[in-house]
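The following features are taken from TrEMBL:
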DOMAIN    459-542  domain 'Smr'
REPEAT    66-100  repeat 'PPR'
REPEAT    101-135  repeat 'PPR'
REPEAT    136-170  repeat 'PPR'
REPEAT    171-205  repeat 'PPR'
REPEAT    206-240  repeat 'PPR'
REPEAT    241-275  repeat 'PPR'
REPEAT    276-310  repeat 'PPR'
REPEAT    311-345  repeat 'PPR'
Amino acid sequence: SHRLVARVCGILNQHGWGDETVRALAGLNANLNAYQVNEILKQQKEAGVAYNFFIWARKQAGFKHDVHTYTTILGILGRAKSFDVLNNLLDEMIREGCEPNVVTYNRLIHCYGRANDLDSSLKLFNVMQMVGCEPDRVTYCTLIDLQAKAGFHDAAMDLYRQMQHAGFRPDTFTYSIIIHCLGKAGKLNAAYKLFCEMTDRGYAPSLVTYNIIIDLHAKAGKFDMALKLYSDLQEVGYAPDRVTYGIIMEVLGNCGHIEDAEQVFEEMERAGWVADNPIFGLMVDMWGKTGNAEKAAQWFNRMLDSGLQPNVPACNSLLSAYLRSSFYDAAGGVLGGMAKWGLYPTLQTYTSLLSSCAACRAAWEYDALFGLMGGTGHPAHPFVCSLLASGEMVVGIRCFFDAMQFEELESRRGFADSLIDFLHRAGKAVAAGSVWEVAAEKNLYPNAVREKAPQYWSINLHVMSTGTALVALARTLAMFAEAVVRTGAAPYRIDIITGWGRRSRVPGASLVKQAVEGMLRSLNSPFHLDGLNVGCFVGQGPALAEWLKMVPLDLHQHHQGKFA
């Protein structure tokens, strides 16, 4: 049997599929059974050859495909994304009385998921249950993995709960996925609890699991815990990989220990790991954020010396480092280098320049930066120019933001924040307000204005630049004032949060808080600082209601910027 399988595979590998292949197979004078056909199919790399052999086998006297051969060919066709042929064979399989089993459905679910067709994967999951084929642990684990990788963490968690209800325990791989999902949902404590449960149940966390839980703590600012888990990882016998080293370097950088991060980099190289673009880009970014453009440039050049071609994120990090130090000629050199390397400036590239332009103090700096913005060739620049020239209507602003919908959320929010700040400082109050209105409509600031309880509102400004915070506050207060005039009903309480209160980890004075305080004072508002949270201004009761009746409905036009 083994020799016959090897001979058939040799024929298929040598000739592919054609008349010569059919003659060679006929010359074997051997009757293949379903087991042998299945073994031959498993060894085929070309979907077309496998499919034609499957059809040929079906025509042989006395041969009948079984659930195993159908499952194998369906998996091959699915990997090749030949879904029309796959569906025809699946229909044929059922007509022939060969019912798909759980392995068949698992294979199909995985194939559709790899093709980013999650709807079909879930449809198959429902169909198999309707026809009485119970999902197994592989079914649930596959679907959980597909949903998580697609970013549908809530759906992954729902499937995890179904899996538990069905009596299946996750394996190490699935534990890792669910821990990641919980962390992405902001449930760090639950993620760590599951990590502990995993070890208590005798499942040893893999290096990937450790990397996930360390990264979640790092991104949540829990740096001490991230370093403890890094120590635990080594104590149980794992050697860090490049991902681990990168996470720990970022943790040390965020703690202000960039020299220690450099030592970890050297340790990584001694361990045999070769630094890639993201690692070098991280070092460039960390030094740039300290204002040390020279060190940032040294790391960028070290990346070049290693033989790597820069990517856009690394170039953006170096560009930001030069902009922080007002090295505008060097910043222009980065843009020129990107063109030489065949790299195109991204929205983040343009946002860095726009943000620096908004913050500059002299007219010559403004001119230099505005010239660099135009030199990027990014479509955001003509849009910004139109806002400066005519103010642009909300419809036009909405169209531009619709065109940006495929950019990452943080990139869109960063651009909107820098643009509103820029327009505010340039004295374009109406345009700035219109951009804020569209940004809020597009849910770029989902927690900026919300009703905490009936007639109790919060205005959260702590993630915004100074200009954006003032524009958002003016627009929101004007909205409340208009509602009071229209309905006669006023909020009982409004909290204005600048983020510089009891939960803030940032020491010193807040420019946002100072600007908000100045604005409220100029309006003779009844807002006062919360005694427990010095970053929160509170207005409430009859005094708030009376004051809102006097707030100008065009309040957002009363605050002009420095270039007015």
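Glycine is treated like the rest: Cβ placed from N, Cα and C.
Same-chain residues lying 6 or more positions outside the repeat 'PPR' (241-275) and placing a CB less than 8 Å from one of its CB atoms are 207, 210-211, 214-215, 218, 221, 223, 226-227, 230, 233, 282-283, 286-287, 290, 303, 306. Residues of the repeat 'PPR' (171-205) grouped by DSSP class, helix first, strand second and coil last, total 26 helix, 0 strand, 9 coil. Beyond the ends of the repeat 'PPR' (276-310), by six or more residues, the same chain brings 242, 245-246, 249-250, 253, 258, 261-262, 265, 268, 317-318, 320-322, 324-325, 327, 330, 337-338, 341, 343 to within a C-beta distance below 8 angstroms of the stretch. Counting same-chain residues at least six beyond the ends of the repeat 'PPR' (136-170), those with a Cβ under 8 angstroms from any Cβ of the stretch are 102, 105-106, 109-110, 113, 116, 118, 121-122, 125, 128, 177-178, 180-182, 184-185, 201.
With DSSP states grouped into helix (H, G, I), strand (E, B) and coil, the repeat 'PPR' (311-345) comes out at 26 helix, 0 strand, 9 coil. For the repeat 'PPR' (101-135), the mean pLDDT of the prediction comes to 93.
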